[in-house]
Amino acid sequence: MDKSKQLETGSISSLLLKFSVPAIIGMLVNAFYNLVDRIYIGNMGQGIGEKALAGLGITMPIMTTIMAFGMLVGIGSSTIVSLKLGEKNKDKAEEILGLAVLLNFTISILISIIGLLFITPILKIFGADADSIFYAKQYIIVILSCTVFQNMGFGINNIIRSEGNPKIAMRTMLVGAFLNIILDPIFIFDFGLGLGIKGAAIATVISQIINTLLVLHYFTSKNSGSILKLKKSNLKFNYNLMLDIFSIGLSPFTMQLAASCVSILYNKGLLKYGGNSAVAAMSIIVSISMIIFMPIFGINQGVQPILGYNYGAKQYARVKKALRLAILSGIFIASLGFIAIEFFPKLIFKVFAKDAPELIELGSRGIRIDLMFLPIIGYQVIASNYFQAIGKAKISLFLSFLRQVIVLIPIILILPNFLGLTGLWLSQPIADVVAAILTSFFLYKGMKELKQLEKLELSKIQTNGIISK
């Protein structure tokens, strides 16, 4: 049976497991090696660890900006590939694959050139001070030099999943992630090359190169089992297809760019109200939250081809069932993370900074406030992804803006003036609640529309049945 056909006929729960579990494992390992980076860096000793973590935190807006462009092309193209395969249009799907590779390469080269030329003023704008800028530059210069491998590996990997091969998508991520975990201590510590935070960046880049090579091999090898093939004839710019990709990818792109802006505002506020210790604490909080969010994002990635394919195939009952199951799974995972953070915050922070009691105390308090509404986030992230999966970019874009810009940024700018550092910790949970409420409103309307489409399709089937008789 055609590998993509299973999306239309297979059990929803089995499909969600099949597509989500590999994505969850891959993304968890991906988050884990970022976590390991911070654990290694935070325990470098001699007072270096906390400053290096602060430097790493300062680079976060750049990292999220790079990821934003990867999502613009990767998620945009993979969503359309799912829809085209659902419509049985393989040639168009292959054309999108070729364009996605070309766009990832071109955009990444431009990011590298601009970033490296203006790295010092960029870091200062992002909040770097005399202590943190040294470590920030050591790390981010290496990352910027190899942006193409990060975005190529991430973006094209999504298309592997969209064509119905989530296990292979997972394997490519696992290989790169495990390699990074192995190389980290060798490049960072004195028993190896002793390169410190620069070594962590080099280890990351090597893993991204390997990941990219594996992904490209999958789409070019005759024996890889891929439905789609990367053809030289499709490595060309197509204005209309570019607009289609960008319109779908605009929502996650905007969310990531907004996250970059939020990181800048957070860094400036953290330095003002808590110094480099607060920046280091937020760097750790982000790593911990990613361990929780990545499984939820994995469910998003897993359910996306199920939603997109079945919406394209007009199997609306399956769309509703898949969405409901994905939302419940997201809430469950977020609730587990919430329990762990509420009961063991200090234990978690000691893993990162065992010799920094002030950082442990500061971070333990901050993480309990910042992630106090985790279960709501589990719902909101997956519910808003529904609109992206079915190609309704405008609604998804608005919901992205809502959480990361319209609500969050004003709170970050206003609340700390009255509550100091506590105001910064409170900003995200307040924004999460508001976003969840408004997402529910749009989802309710979306489900009513889906019900009408389902009735219309049933009516057509019944009419055709009568005519055939």
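Cβ from N, Cα, C; glycine included.
Features of the protein shown, as given by TrEMBL:
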type	residues	note
TRANSMEM	12-33	transmembrane segment
TRANSMEM	53-75	transmembrane segment
TRANSMEM	96-119	transmembrane segment
TRANSMEM	139-160	transmembrane segment
TRANSMEM	172-193	transmembrane segment
TRANSMEM	199-220	transmembrane segment
TRANSMEM	241-266	transmembrane segment
TRANSMEM	278-301	transmembrane segment
TRANSMEM	322-345	transmembrane segment
TRANSMEM	365-383	transmembrane segment
TRANSMEM	395-419	transmembrane segment
TRANSMEM	425-444	transmembrane segment
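Counted over residue pairs separated by six or more positions, the transmembrane segment (53-75) shares at least 3 Cβ pairs under 8 angstroms with the transmembrane segment (139-160), which defines the two as touching. With a threshold of 8 Å between CB atoms, the same-chain residues lying at least 6 positions outside the transmembrane segment (322-345) that come near it are 12-13, 15-16, 20, 288, 291-292, 295-296, 299-300, 302-303, 306-307, 310, 363-365, 367-368, 371-372, 374-379, 381-383, 386. Within the same chain, residues 365-366, 369-373, 376-377, 379-380, 383-384, 386-387, 395, 399, 402-404, 407-408, 411-412, 415-416, 419 sit at least 6 positions outside the transmembrane segment (425-444) and bring their C-beta atoms closer than 8 Å to a C-beta of that stretch.
Counting Cβ pairs under 8 Å that are 6 or more residues apart, the transmembrane segment (278-301) and the transmembrane segment (199-220) reach fewer than 3 and are not in contact. Ranked by the number of CB pairs under 8 Å to the transmembrane segment (96-119), the listed stretches 139-160, 172-193, 199-220, 241-266, 395-419 are led by 139-160.
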